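Asker: So Swiss-Prot lists these for the protein:
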BINDING   CYS35, CYS40, CYS46, SER273  [4Fe-4S] cluster 1 binding site
DOMAIN    47-262  domain 'Radical SAM core'
BINDING   CYS61, CYS65, CYS68  [4Fe-4S] cluster 2 binding site
Amino acid sequence: MKITRRPEWLQKKISPSAHAEMERLLGDLQLHTVCQEAHCPNISECFRSRQATFLILGNICTRLCSFCNVTKQSPHHFDPDEPARVAAAVQKLQLSHVVITSPTRDDLPDGGAGLYAQTVTAIRKAAPQTAIELLIPDFMGDHGSIAAVVAACPDISGHNLETVPRLYHIRSGADYRRSLDVLKIIHDLDPRLLTKSGLMLGLGETEVEIFQVLDDLLAVGCSYLSLGQYLAPSRSHYPVQGYVPPEIFDNYRERALAMGFKHVESGPYVRSSYHAEQYGMKG
């Protein structure tokens, strides 16, 4: 039975005044964050704590995933000065851990991998003590693009599977096996580089399917995992098929750790970069 009303544990309030200063800084540096673009429910909490996931390569995606709130249309050319601005923000905010992600840019020959590498290099120069986590697209499975990201030596490299294979029709242009291969290629190129992936729950998946995905992730060397509740950004997006209670998320965390994951964040409001610094502490 599909639940259409949000339960009481999903009533987090967003307080714009709590993160006005952070938004001013980002605006001054002409930077985007996935927190803003995806209307993340954790934005007040994270911005108040001076945590953000920077969105490079613009804020327009070339794919049409039916669950995502990032703008979809023909993207503009990316700004080559973006890595320097991101590095300046990381330095000014004195971040101990930073997450860098992007929309999918199938229009670019390397999918944007080169700009990821340049951003890592710029942050290393400006803030050498900052741990760098990347959340990359699939680069259409291109080995050279993935290798360019790995060669930049981030501390964590993530790629989200998002959902179970049966539901991949909601991920326009994506392929479950290709996404698994991205994580495998990263691990094969540098086994020391910690890999991470995430799933949204409440899309219609079964528990058996969830744990089959976790088995698949462990098989390709994935170390870190995030599990969170899918919340439809609007009525025009893919509808929520069910709400997972907090105690079930807790159960999934314990079971995933027992399976062999090094660190698991699991809860209704967990997103890929939520409490990201905690993953680095487990490395």
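Even glycines carry a Cβ here, placed using N, Cα and C.
The structure displayed is predicted, hence computed values, not measured ones.
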Asker: DSSP on SER273 ([4Fe-4S] cluster 1 binding site), three-state: which is it?
Answerer: coil
Asker: Could you give the mean pLDDT over the domain 'Radical SAM core' (47-262), rounded to a whole number?
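Answerer: Across the residues of the domain 'Radical SAM core' (47-262) the model's pLDDT averages 90 on the 0 to 100 scale.
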